[in-house]
Amino acid sequence: MSSLPLESIIFTSEPISLKILNQLLLPHETTFTSINSIEDGHTAIKTMQVRGAPAIGIVAALTLAVDLVRKHKDSYFRTPDDILSDVKKSLDFLRTARPTAVNLFRTVDDLSVLVEERTKKKDSIDDIIEAVVRTGKQMLRDDQKVNTAIGSCGADYIYDSVNRHEKKMKILTHCNTGSLATGGYGTALGIIRSLYFKGHLMHAYFTETRPYNQGARLTAYELLSDDIPSTMICDSMAAALMSKTEIDAIVLGADRVARNGDTANKIGTCQLAIVAKYYGVKFIVAAPTSSIDLNTLSGKEIIIEERSGEEVVKVAGLREDNGEYGKVLTTPRNVNVWNPSFDVTPATLITAIVTEYGIITKNPDTNEFPDLAEILMKLKATKQQE
């Protein structure tokens, strides 16, 4: 496969254009979908053509930018107040696309404040729209830098804390947390990439990640693209793997981290944490600070998205006989299905949280994380002094 960097979000400002890689069709089709309106962006996020907390936030911002430029060309706005009213309506709609990933809500809130402040300052229509465009572009650039920092920092932490006699390590991951889920490089998969490029990785294991098979379809696609030695397992095989193979660490991403460290992530994460605890394997969450929600005190307050049972009972793929893409029903018709997209892993089961500013670890005496607001402030201050 190609060794070129994977891109799931392509944005240009002259002329303005937003295309997202339709991840529902991967790995068999590489198709980019144009996003021309708020409705297009909402559909792409809700149907998981684009997914991953960082990518969702970025696409929401760039969708608003594209939508505003298009409407302005059609003389839709007469005054800055018209823009403010339209933006609030558009952002309220985008907010409904998916309820769990905090990045989407943070993006919506930040853009709403931005446009409101610009309107109060009596900025022109052109200036307000340009500010939104700049913000979206900056989010994409910043996320790439953040992920590279998380990858390097996390790789060094794992190597220093779990490495035995400088041997190469075996890492297990879940879902997809790479370039396809972010603005580029990835969070947890970025750590795996960094370990590999630093010469510290022996093998990466990844779960298929039912029911949408993000591991089987997307993580496999990325690891093969980078020629990283890897093996897929079914979600139910993790305990068996850890009983037979010395796994050095489990590394995953996060859709929302509460202030106490409780973490919402792809369904199946919590059971991996329980198994890791039994086998004494470090369980590490890779999360940009944009995914840490200091306003949510614990995991009990996190709303867990529940999706259609069709995603569980039907499997999409290519038929071997004719190469056609389609879905296959794997269960009796009308079977009852419960399909939560995420679960919450208690902070007590998490070893460390890797951010772009550094590593957050727990107090060994209490097995609790320090207040994340305070520790993030200290980490940022330390980073700025370097």
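Just so you know, glycine gets a Cβ as well, placed from its N, Cα and C.
In the shown protein chains, 30 other C-beta atoms lie within 10 A of the C-beta of ASP255 (active site, proton donor). The active site, proton donor annotation in TrEMBL covers ASP255.
Summarising the annotation, TrEMBL assigns site 'Transition state stabilizer' to CYS175. Counting every protein chain shown, 29 other Cβ atoms lie within 10 Å of the Cβ of CYS175 (site 'Transition state stabilizer').
Put simply, CYS175 (site 'Transition state stabilizer') is 11 Å from ASP255 (active site, proton donor) when counted between their Cα atoms.
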